[in-house]
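Visitor: The following block contains the structure, expressed as structure tokens.
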């Protein structure tokens, strides 16, 4: 699930486990920084990996999990539902942008979309913390504000990376599904109610 | 009256509305620039036939079918084959959406906007947006309706998303399939001048669903009258787009069958919108259910309304 840029031709088989893990963790961390401060850079695209999206998706799905003793039919999204929405949503958006004639590779696009969920995961964390306090309209307004800000951040971050790969007269067609995708995730975060 | 030449040119912009200007721009950019207008059939004369040609496009449909055949030449297992279904620019998608919102009597959506370049982008993403619009609006509206009640605990009702998705996508793909099969069968019996490909029918259905997105959002307003007015407006617009598209395709046929086809199309559309309203949006009167038993009239009225 990783692309490697080998600067020197040495075997990584004999290094300690800590080295291996730290290298990958550092790569993931560097990409997190790129998402938090989006600039038009190629690092996310050139060196794609899917560890970050996996960690983010699992974290988000776990946090959206209610104390699942209640199996009412009309409850919140289950873990599998969140997972499926994130991954199939990302795949669909990638297919859409490739069909429209974009020149980004499949996994690069998945990587960007997955990493740009980071602001929304932060929003989920903040919402869970806020929900520990007294419920009421102020509580809701704070959560609404946080989710809206993070939603805008995700969109800006992903557009900064993805927009250039589209043909110029189809940019809006490629960006709209991204907007829909993050909107649905924001909706799931906003409507999360603990038991 | 103007000279024949003027009539000829006027025929293209004939419908003389700004909408007609756009298809010309569309054609020039899709097909060879400047050539396509010459391929349009010159009117044989008489204004009565002009409208028919606009609607039916006799030679036009032959030539566009040829052109369509030339475009989709990749085998179906390559990626390029599917790319031909997404060969639309932003302004073209906007034009098609605009065309679905403003049905003009006598204008055929397929001939005017799609012009042998059916795309799958519009139908797919309009249906996706509609699914989430209905589910989210239904959730919001139920929340607002039941807000005051002490026994109400908010649930996001996430299962309704999957149900909405099944309904909308089944409608947008299976009904066109059935309709296309039916039209092909009738075509083998009665020589119809106008025939649509499967993708064009999917395209019309997809774009005609666009009006339901703002309608679903406005359905949050918990007033029965407002909701039913919105249903009427949306049905009027999208139903007329569908009816005006398919009437030319069946009117050569037996009168009864033609009428029955168009009526069925509109009826299915009605079923979809009323069904969605009934299933995803709770009735507003439920809010006024009294907790005491001292008002049997109100209870009976609420039971009748829900």
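In case you wondered, yes, glycine gets a Cβ from its N, Cα and C as well.
TrEMBL does not curate its annotations; it predicts them automatically.
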Visitor: Quick one: which of B:93-118, B:197-222 does TrEMBL have down as transmembrane segment?
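Guide: In TrEMBL, residues B:197-222 carry the label transmembrane segment.
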Visitor: Can you say which of B:257-281, B:282-306 is given as transmembrane segment in TrEMBL?
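Guide: TrEMBL lists transmembrane segment for residues B:257-281.
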Visitor: Transmembrane segment per TrEMBL sits at which of B:54-75, B:120-141?
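Guide: Residues B:120-141 are the ones TrEMBL records as transmembrane segment.
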Visitor: Can you name the far-off residues of the same chain, 6+ from the ends of the transmembrane segment (B:197-222), with a Cβ under 8 Å from a Cβ of it?
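Guide: Beyond its ends, the transmembrane segment (B:197-222) has Cβ neighbours at 68, 85, 96-97, 99-101, 109-110, 114, 116, 118-120, 122-124, 126-127, 129-130, 133-134, 137-138, 140-141, 144-145, 168, 171-173, 175-177, 179-180, 183, 230-231, 233-234, 237-238, 241-242, 245, 269, 273, 276-277, 281, 284, 287.
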Visitor: Mind checking which residues reach the transmembrane segment (B:161-185)? Cβ under 8 Å, same chain, six or more beyond either end.
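Guide: Sequence-distant neighbours of the transmembrane segment (B:161-185): 123, 127, 130-132, 134-135, 192, 195-198, 201-202, 204-206, 209, 246, 249-250, 261, 265, 268, 272, 275-276, 279-280.
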